[in-house]
C-alpha cells in the first residue's frame, strides 16, 4: 500500500467522527410523553409481555434485525493474530456491509479470549440480545469447534463467515464454471491448497453438492494430506486424508486435476502446474491480498482456463459480501434457529443462477459502464448487483421453512420480495400502487432516446416487471449493437418495438401531421420533414398524437424547455387547462413530499398557481395518497403583504372555491408546513393536519432552490418530474435521471394513460 493510500485509509476512519458506525433511534424522543413511553414507566409493558412469551422480543425490540459480529482477533484478514482490539475496524466494516446491503443492524463485539470453551460460554450468554451471530476472524482449527458448540447451544443462527461465506461463493463459481466447460461435479477431480477454515468449509459444501470425496486431494504447508502422516494433522484434515500413493507436494497432485482450490499463499500455484491440469481447468486462487497465481499468469499458459480470485481488479471476484448479508436477511426474516446445509445450498444456486441473467444497470454503472455476459470472465455476480438480496434471501428463507428451522414462516412471498427491494430501491414502497396499476393493463410507452444505455437498461427492467410495452426511438443498428454490448436479453419486435427515425414506415404520415399542427408557427413542409427525422421528441410526440402509443417519456439529453416546447406544440394542453406545470416527489426517511412547480412557470399568477395546485393534488391521488397542501411564502398567515405573500393568500381562496374538500392552508413558511406543533401555535384552527405532503411555491426560483437543497443535503430519492396539464401522458426527465427513475416514470406514464 502506498503512503498516500495508507494515510487516506487512516483519515477515512478518523474523520469526521472516529469509526464507521453509530446507533440511531427509530422512535421519536421529542416530548416528555415520548420519554415516558420509551423508558420508565412505559417500557415496563413490553418487558412484561416478553417475560410471558420470549418470542415477543421480536415484536417489541430490535432483536429480530440485530446481528452480533464477534471476533477474538486471532485471524484478522491477511494480518493474522493481531488481537481483538486491533481487529475492531474490520468488525465495524463488517457491520457497515450488513447495513448497506441488507438493512441489518450490527453490534460488533471484540472478545479478548483465546480459550475456545470460555469464548463459547461468553458468546452463548449473549443470545438474548441478538437475532443471529456472525463469527469473524477466528483462527482454525478452533473456529470449527467454537462454531459447532455454539450451534448446539444457541437457538439463533450462528455463521462463521470466513468458512461458509467463502464456501458458498466458491461453490457457486465452481457450479457455473462446470456449466461453461460441460463437466459434471461428480466426475471432476479437485486439488486444494490450504487446509484452513475456508478451504475445509468449501470442501464440505462441495461434497453436499455432489462432489465425491475420493476425487479430492488436500495440501497444506507440509504437503499432501495423506493417511499415516503425523505432522500437523488435526481431525478436520484427517477426514480428507487420501491413501498414501506417494504424492508429497502440490506439484505431485495437480496433474490432470479439473479444479484447483487455493486458500493458501501467493505463488503457490506455478505456471508449470497449470499446464499439467486437465482440459478447461477451473482455478480458484483465493489467497489475499495476492492470489496463488494471477489470471494473466494462468491464462498465458492455459487460455482455456477459468480463473477466480478474491481481488476486485480481476474478473470473477470471490467476495463474501455476495452472500453473508443476504443469508442472514433470509434467516432473520423467518426466525431461523440455525443456518443449515439446506440454506447454504439454496444460497449457492441462487447466486449461480443470477449470473445467468442479463446485467443490471446498477452493476454496469458501478463498473464504469462495462457490461458482462455469462462466460469464462463472468461466472458469478458482482457485489453491487441489487438483485442479490431478492434472489438469495427468499431462497434461504424458503429452505429454512422447508427444512423445519423457521419459527416465523413467510405467508405472502410476493409481498416479501417487494419488501426486500426497498433495501435497494428506496422508492419501491412509494411506487407500489403505481407498479400494480401499470401491470393491470399494459400501455405502449415511447422512449424518445431509445439509443441511450439507460433507456435500454430501463426497457429490460420494464419488460421483466411487466409494467409496459416499450417503443424505442433510434437507429435499429445502434440499438441492437448496444443491447449486445450491454449483455441484455432483448429482442426487437418480440420484447419491444423500434421506430427507426432513419427508416420509419410512418415517416410521411408523421411529418405531415406535425406540419399541420405547427404550420402557423413558422414550420414549413421542408422543416417538418427534417425535424421529424432528427428530433426524437418531436417524432415521439407525433406518434403519440396519432395514437400509435399511449404515453411518452423523454429528456435523457437536451434541455427541459426544448422538450416541453415540442410536446406543447404537438400534444397540447388538456381541455380547460391554461398552463402546464411540473411536479416532483422526494422520498425522504421521514416521509414523502411533493413540490410544485419545479420546472415550467417562472412566476405564475395566483390563478395559474391555483390551477397547478389542483392538478398536483389530482396527481398525488394516483399514488394512493391524500394530499395535504401548504402554500409557501416568507410569511405566515397574513403577517406580511410584501413579495409573494398576497398572491399565495389569493391562491388559497381560489382553491377553496373550486375544491372545498381539499386539505390546504397558507400562506406559511416551510418549517410550519412540516411541523404541525409549530403551526398550531400560530394558527390553532388550521385545517391542515400533520405534515404537508404537497408544497406549492410562489415561483420557480423558490421551488428549484428548495428542491435542490432537499436533494443535496438529505438522502432523498426523487420521482419525477411529472408533467401536468398535457392532453396526453407525456413526461420529461433530465439527463441525470437514473435507470430506476426512468422505470418509475414509465410506470407512472402508463397509469396516467390508463386513467385518461
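Our numbering is plain: 1 for the first residue shown, then up by one each step along the chain.
Placement of Cβ uses the backbone N, Cα and C atoms for every residue, glycine included.
With 136, 137 listed by Swiss-Prot as binding divalent metal cation, the candidate from 115, 117, 162 annotated for that site turns out to be 162. Binding site for NADP(+) per Swiss-Prot: 195, 196, 197, 198, 288, plus 320 from the candidate set 176, 316, 320. Neighbour counts of Cβ atoms within 10 Å were compared across the binding-site residues 288, 320; the minimum falls on 288. Shown in sequence order, 69, 106, 108, 134, 136, 161 are the residues of the chain, 6+ apart in sequence, with a C-beta less than 8 angstroms from the C-beta of residue 94 (active site, proton acceptor). Sitting within 8 Å of the Cβ centre of 136, 137, 162, and not among those site residues for divalent metal cation, are the Cβ atoms of 71, 75, 76, 90, 135, 138, 143, 160, 161. When the recorded positions 39, 137, 162 are compared by Cα distance to residue 197 (NADP(+) binding site), the shortest distance belongs to 162. Cα distances from residue 196 (NADP(+) binding site) to the recorded positions 39, 137, 162 are smallest for 162.
Cβ neighbours of residue 162 (divalent metal cation binding site) (same chain, under 8 Å, six or more residues apart in sequence): 75, 135, 136, 137, 138, 143, 197, 198, 320. Secondary structure from DSSP puts residue 136 (divalent metal cation binding site) in coil.
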